[in-house]
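S.K.: Here it is, the structure in full.
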Amino acid sequence: MRLAGWGLRWAIALLIAVGEAAVEDNCGRNEFQCQDGKCISYKWVCDGTAECQDGSDESQETCKSVTCKMGDFSCGGRVNRCISGSWRCDGQVDCENGSDEEGCSPKTCSQDEFRCNDGKCIAPKFVCDLDLDCLDGSDEASCPMPTCGPANFQCNSSMCIPQLWACDGDPDCDDGSDEWPKHCGTPHPSGPLQDNNPCSALEFHCGSGECIHSSWHCDHDPDCKDKSDEENCAVATCRPDEFQCSDGTCIHGSRQCDREPDCKDLSDELGCVNVTLCEGPNKFKCQSGECISLDKVCNSVRDCRDWSDEPLKDCGTNECLDNKGGCSHICNDLKIGYECLCPEGFQLVGKHRCEDIDECQNPDTCSQLCVNLEGSYKCECEEGFRLEPLTKACKAVGTIAYLFFTNRHEVRKMTLDRSEYTSLIPNLKNVVALDTEVASNRIYWSDLSQRKIYSAQIDGAPGFSSYDTVIGEDLQAPDGLAVDWIHSNIYWTDSILGTVSVADTKGVKRKTLFQEEGSKPRAIVVDPVHGFMYWTDWGAPAEIKKGGLNGVDVYSLVTEDIQWPNGITLDLSGGRLYWVDSKLHSISSIDVNGGNRKTVLEDKKKLAHPFSLAIFEDKVFWTDVINEAIFSANRLTGSDISLMAENLLSPEDIVLFHNLTQPRGVNWCERTALRNGGCQYLCLPAPQINPRSPKFTCACPDGMLLAKDMRSCLTESESAVTTRGPSTVSSTAVGPKRTASPELTTAESVTMSQQGQGDIASQADTERPGSVGALYIVLPIALLILLAFGTFLLWKNWRLKSINSINFDNPVYQKTTEDEVHICRSQDGYTYPSRQMVSLEDDVA
């Protein structure tokens, strides 16, 4: 009997142990088990927010046992969080207790740098250059009066510029003295603005040289850099029965304080006092309209005209005692009636039921990834980023991020914490557009005065001999520039020609993709991962356009509430576009399909005339040509506006240089068996609209068309000769006349001589007169050959009938050369038949 009792006890103990083990094994390998049995991700343990209802994931005992992996830094303290080792002593506090910035040695500048009194390092050429580059101004303290060398011109402001820039029709001194008549005499005939007024009849010519819409002249909002569009304007006066808005416009007096803004600056609704409102926890609105204090309700004194403050049945009754009044979560008893409330993270649906709020529906809830939980949410980061414990923002891990920006005569480089600030490419004329290729460590820029696009290795950029001219002709105003880092192409806009063009990064092959009369394309950004490009256009009407990187499927993405769109950038991981509007003084964002539009920031002072912007982590950076400065702000909320650099000279484009901004992708033009995708000229990525979309299409230079095989190129004269019967051809816009001959590569393994369009056309013209005479010679010979071939086939057929054989069908060998190049059967390269010529002959020769 005693043995049976012991056996029963052992069995019960074993069952309990197995049950406990089963509970412990409920969670996966990468999960943490709360004390109540709930499983959460190990990434959420000791991150400052309790996911376990019992708080065991944030307890001191749990966090003490956390060990940081190699390369990480332990914050220590009660929470003991782990951060990236690269965040240690980076000038930004990441641990709650600030331990990551304790005991850090002062930053040391290199031998070829100047150290400001505040510890910032700048290039020595910035010292005593009349610009405050140190935030404390120490780089301009105790400077002697500057004297210019023999090869320089000294401006009236003592600034020195190269002598070649003086009297060239383009002001380079900050006071414009290099173009004053007393120095130059008559205007220089070869200046960039040979026409005294390059603006159209519908535009206003600013004194500083820009062209703006005529409707912006005298609208009480300066748009010119020198504010000349608001000079000598008549002052508007309003009638006695009108209200004058802060911008000077007049509206009828009855529209003031009507709860609907009628002034553009909303000044008609400022300072209004609404006496009819009855809101707040201590107010009660009678059914007869009066507003009384809540302490007068159910006090046996009738204060409302209709006695609605003293209902006999409701006063003194607590409806929450009966099944919580039907509320699913919280019932709050009121003096009259009751109300259902919801805990944080839930919302009331109807009058009684609470439902979880999906915070992740808002794209700005988290900086990158959002995980919705019951009653809460969790933010996570993309690969290459880690969640910062203090701010809950995603911070990049790895290389140092730099801002590259144009400063009229140079390109400068600056770290995000402003600890390093140097000149990257000096001695330029008028650099406007800028972009980089991180993998090759190369930078590209356009010069508005030289009307060229250049490139250089970033490490060797200061040496002028290392510059490469990528595009050196047929440019008028290359205002925007973008690099396709996957397919090694560059895209640029030309606001005077109204074009968007593409070329390989060597500049050997180029093509005009888009041209429209009246358009003024400005900034451009590319998404080579998905095959799209986006650009701003401040023509009439102003809009933001989207199209494929091969020039197809172009349409307007933003057409409303947009006036002067300038810079544009893409948050590739978040799938959102950001742009600045110089007329609306705003930064806005929208998803890549045109939805979920949001205004990030509106500020007439900090966004007086924004020109370009860049995005990284949770920050947006922008240049402003009127403030002559660079600012930053939180890209989700528009808060935390900071001054990054000031006292600049016409800062225009800005890009962020970091390896995470240009993720790797597949270059399908190089994945096929044929070189360059089998294309004779350009192989361009196609937009990935759906899973069946082509990976690329072939393109020909301006003035040439695709042949029937959709790979070879024909001149327009040849296509007219070889076309049989009527055909429908969708023409692409032809850009400016090229003087250089386009380089045509071979399709498949056929060697073709490289020749210009004129050579191809002239060859076709010289061969055409002798073709009729050749028919009299070739035709009889061809008939004899056909007769002999037919006789051979008859003999072979008779011979095969007398031979026994077994045949095996092999579908691989049944595939003909025609099948290989047929556009509908190719697994990689396709085209859009409705947009291409399909009636041309294959035989070009």
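Note: Cβ is positioned from N, Cα and C throughout, glycine not excepted.
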S.K.: Among the residues Asn97, Asn659, which does Swiss-Prot list with the feature N-linked glycosylation site?
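M.R.: Asn659, according to Swiss-Prot.
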S.K.: Can you identify, from 178-226, 717-765, the stretch that Swiss-Prot calls region 'Disordered'?
M.R.: 717-765
S.K.: So, in Swiss-Prot, which cysteine from Cys238, Cys272, Cys278 is disulfide-paired with Cys257?
M.R.: Cys272
S.K.: Counting only residues 6 or more past its boundaries, what in the same chain has a CB within less than 8 Å of a CB in the domain 'EGF-like 1' (316-355)?
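M.R.: Contacts with the domain 'EGF-like 1' (316-355): 294, 297-298, 309, 374-377.
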S.K.: If you average per-residue pLDDT over the domain 'LDL-receptor class A 3' (108-144), what number do you get?
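M.R.: Its mean pLDDT is 84.
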S.K.: Given a Cβ distance threshold of under 8 angstroms, which distant residues of the chain, six or more beyond its ends, lie next to the domain 'LDL-receptor class A 2' (67-105)?
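M.R.: Cβ under 8 Å, 6 or more out: 46-48, 58, 60, 386, 388-390, 395, 397-398, 417, 419.
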S.K.: What does the DSSP secondary structure composition of the domain 'LDL-receptor class A 2' (67-105) look like, as residue counts for helix, strand and coil?
M.R.: 6 helix, 6 strand, 27 coil
